[in-house]
Every structure is written in structure tokens, then in C-alpha cells.
Amino acid sequence: MDAAGVVLPGGGSGSGSSTSSRIERNNAVLKDPSWFGQFRNGSNPWMARYVYALIFLSANLLAWAARDYGGSALTEMERLKVCDGKSDCLGAEGVLRVSLGCFVFFILMFLLTVGTSKLQDPRDAWHSGWWSAKIAIWVGVTLLAFLLPSTIVRIYGEIAHFGAGVFLLIQLVSVISFITWINDRCLSEKNAERCHIHVMVVATGSYVISLVGIIMMFIWYTPDPSCLLNIFFITWSLVLLQLMTSVSLHPKDAETCSFFAQINAGFLAPGLMGLYVVFLCCEPAGESCNRKAESSKRTDWLTIISFVIGLLAIVIATFSTGIDSQCFQKSETQGGGGEKEEDEVPYGYGFFHFVFATGAMYFAMLLIGWNTHHAIKKWTIDVGWTSAWVRIVNEWLAVCVYSK
């Protein structure tokens with residue numbers, strides 16, 4: 001590890017020149033967008049993001065392995081007597097233990113890096129380097145989680161419900177902020193003429209995909225009129241799509257402008273929001289109302305691919321949300337377009353780790369179906385009525401936040 005990666009608080013003489021050289025090198029790295037330039041410099045905040053994402057992905061895979069294939073190993077642990085030998089419960093508890101280790105690691109990183117604003121801060125070196133020590137800490141806290149009494153793990157499981165909800169709220173604000181930023185950039189006087197065709201193509205495509213998705217949901221999840229709840233969920237998604245479009249196309253006036261922030265926003269923003277809404281409502285629950293339920297009972301290549309995509313989506317969502325701290329800051333650099341000082345960190349380290357900490361709770365909830373006593377089949381993720389209600393409530397909340 002180079003000298004820049006070992007600057008610690010209270011460094012001796014010469015630490016000032018070492019810090020200055022680290023700042024200059026980091027500035028050069030930040031201006032180099034290539035992957036080779038990112039990884040060639042072993043200790044920099046841009047490369048650090050991918051290492052943390054890799055740790056998070058490893059935790060996801062370990063939790064999945066504990067759930068689907070760790071039952072026999074977990075039965076050997078005397079501290080899991082609360083499950084009475086039930087493999088399903090042991091699998092869920094294994095997920096929570098892996099999640100707890102991941103949560104503790106990232107919450108420690110949050111406490112150690114929150115408030116870092118300058119590259120010369122010694123905490124920048126800790127965030128961007130010292131990988132051997134941090135990987136050892138992650139492995140250590142994960143192993144420690146498997147030695148804790150089941151009572152503590154059950155308490156963590158209850159807390160994780162709220163932590164996962166916090167993650168969903170942060171992700172929701174981030175997604176809406178990103179959609180609004182794209183819409184504002186495309187409709188600005190500078191880009192309106194140049195992006196006109198692109199906006200129409202993307203907006204039209206978004207509406208077509210959203211409508212096709214709603215039609216397919218009616219085919220897959222409402223095989224007969226008795227599936228009233230699924231019919232309601234899907235129909236209401238269509239109503240919300242129409243509501244967002246009506247709000248966005250409403251002409252501005254003094255009375256409505258104070259209530260609806262997205263009026264006169266065109267077709268692009270509601271079209272992209274429609275994709276997000278349909279995505280959240282993509283799989284209502286109830287095997288009797290699911291034409292794909294019969295095929296989902298057997299594990300085939302499509303089931304495995306769907307599971308892998310779902311797992312990667314968790315990591316990507318956590319990663320993209322973690323570096324989007326600006327949407328939660330009231331500053332002149334909204335949308336990332338403002339100028340930063342040369343010695344300013346490129347993103348909020350504390351916020352980044354906090355998102356990953358809540359993301360650890362979120363992936364645990366998805367893998368156990370938001371229910372510690374619910375039996376989850378192998379190669380499945382985010383299934384069951386509890387998961388369905390979480391997605392639906394998140395969908396409705398997204399529309400409310402977007403419209404305000």
C-alpha cells in the first residue's frame with residue numbers, strides 16, 4: 001500500500017507533504033473517468049465504491065447460501081435451538097446473522113467516516129484504503145454474528161424491518177430525484193431543441209412498456225374474477241400512471257404550482273415514473289391467482305436467472321443510491337452540476353456507508369420474504385403477501401412524493 005493510504009491522525013513531521021501529494025493524486029484520479037485509471041491507483045474514493053459493492057455482494061451470496069444450503073450446518077449450532085430443528089427457520093436465521101454482520105461492518109464505517117468533507121482528512125485514507133484490515137473486520141463481525149444468542153438475532157430481525165423501510169425511502173427519493181434531474185436537463189432552454197426527438201422516443205417507449213407490463217400482469221395474475229386484490233393492485237397502478245401524466249401536463253398557474261411540483265413537466269418524467277411504478281407492482285402475491293405459480297414450483301434456468309438478476313439489482317440499487325447524497329442536501333450543487341473544490345470529497349462517505357448498512361437489512365428482508373417465520377423456496381427472492389404489500393405501499397408512496 002502506498003504512503004497515501006497510511007496517513008493516520010497524529011502523523012509525524014512530513015505528514016503535511018504526504019497529505020498534499022495524496023490530494024494531488026486524488027484530484028488526478030477524479031479527473032480520470034476510465035476504469036483503468038480508477039483501479040491503477042489502489043487507494044482512491046472512486047475505486048473504493050466498487051470494493052464496498054463487492055463486499056456487499058459477497059454478503060448477499062453468503063446469506064443466500066446460508067438460507068438455501070446451510071440448514072445442515074446450522075443444525076449443528078446449539079445456539080439455534082429456538083428453531084426446533086426446522087430447516088426453514090434455520091435458513092432464515094442464517095440470513096439474519098449474515099445480514100447482522102454486514103450491517104455492523106457498514107455502520108462502523110459510517111461512524112468512522114461521517115462528516116468527512118476534505119481529501120486531506122485522515123478518514124479519507126481509511127475510507128479509500130486499508131482493505132486488508134477492513135475485510136478482516138467484515139469477516140470477523142460476520143463470524144461473531146453466528147456466535148450470538150438467537151434472542152439477539154430475533155431482535156435484529158424486527159429492527160431490520162424498519163431499517164429496510166428506511167432504505168426503501170432513501171432509494172425512492174434518489175430515483176425520483178434522478179428522474180426529475182433528467183427531465184429538467186432535457187427540458188431546459190439549452191437542451192430542449194437538441195433533445196426533443198430523444199425525449200419523445202424515450203417517453204413513448206416508457207409508456208408502451210408500462211402499458212404492456214400492466215396488460216401482462218392482468219394475464220398472469222388475474223386468471224379469474226375471484227382475484228380481487230390483484231385486480232385492484234394492477235388497476236390502481238394504471239390509474240396512478242394516468243394521474244401522474246395528468247399532473248405533469250397540467251398548465252402552470254399560481255394556485256396549483258404550490259401543491260403539485262411536477263406540473264407542466266411534459267411526458268418524459270411521468271413515463272419514467274410509470275416504469276418504476278409498474279416495476280414495483282410487477283408480481284402481486286397469491287399462488288392461486290398466479291398463472292406462473294405452477295412453473296415456479298420447479299427450479300429451472302429461468303428461475304435461477306430471475307434470482308441472479310434480483311440479487312444483482314439489490315447491489316446495483318444500493319450502490320447507486322449510496323453515491324447520491326446530493327439529492328438529500330440543500331445546496332447550490334443540485335443534480336451534481338455545481339463545481340466542487342479541488343480538495344472536496346467526491347461523495348458523502350458517511351451517507352454511502354449508511355445506505356449500505358440499511359441495504360444489509362433490506363436484502364435480509366427480501367431473502368426471507370419480510371417474515372422470519374415464513375418458509376422460502378430455494379432460488380426465490382422477495383415473494384409472499386408481505387413482500388407484495390411492501391412493494392405496493394412503496395409504489396403509492398412514490399407517486400405521492402413525485403406529485404408533491
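From the backbone N, Cα and C atoms, a Cβ is placed for every residue, glycine too.
Curation plays no part in TrEMBL annotations; they are all automatic predictions.
Annotation comment: TrEMBL describes 1-22 as region 'Disordered'.
Non-local neighbours of the transmembrane segment (50-67) in the same chain are 38, 74, 91-92, 94-95, 97-99, 101-102, 105-106, 131, 135, 138, 142, 311-312, 314-315, 318-319, 352-353, 356, 359-360, 363-364, 367-368, 376; each lies 6+ residues outside the stretch with a CB under 8 Å from one of its CB atoms. Here TrEMBL flags 50-67 (among others) as transmembrane segment.
Taken from TrEMBL, the feature transmembrane segment covers 94-114 (among others).
Annotation source TrEMBL lists transmembrane segment at 135-156 (among others).
Among the features that TrEMBL reports, transmembrane segment is placed at 162-183 (among others).
Sequence annotations record features per position, and here TrEMBL assigns transmembrane segment to 195-222 (among others).
Annotation source TrEMBL lists transmembrane segment at 228-249 (among others).
The transmembrane segment annotation in TrEMBL covers 301-323 (among others). Residues 49, 53, 56-57, 60-61, 64, 167, 170-171, 174, 295, 347, 351-353, 355-356, 359, 362-363, 366, 379-382 of the same chain, all 6+ positions outside the transmembrane segment (301-323), place their C-beta atoms under 8 angstroms from a C-beta of that stretch.
Counting residues 6+ beyond its ends, the transmembrane segment (351-370) has Cβ neighbours under 8 Å at 49, 52, 56, 59-60, 63-64, 67, 92, 95-96, 98-100, 102-103, 106-107, 109-110, 113-114, 157, 159-161, 163-164, 166-168, 170, 310, 314, 317-318, 321-323, 325, 328, 376, 381-384, 386-387, 390 in the same chain. The feature transmembrane segment is assigned by TrEMBL to 351-370 (among others).
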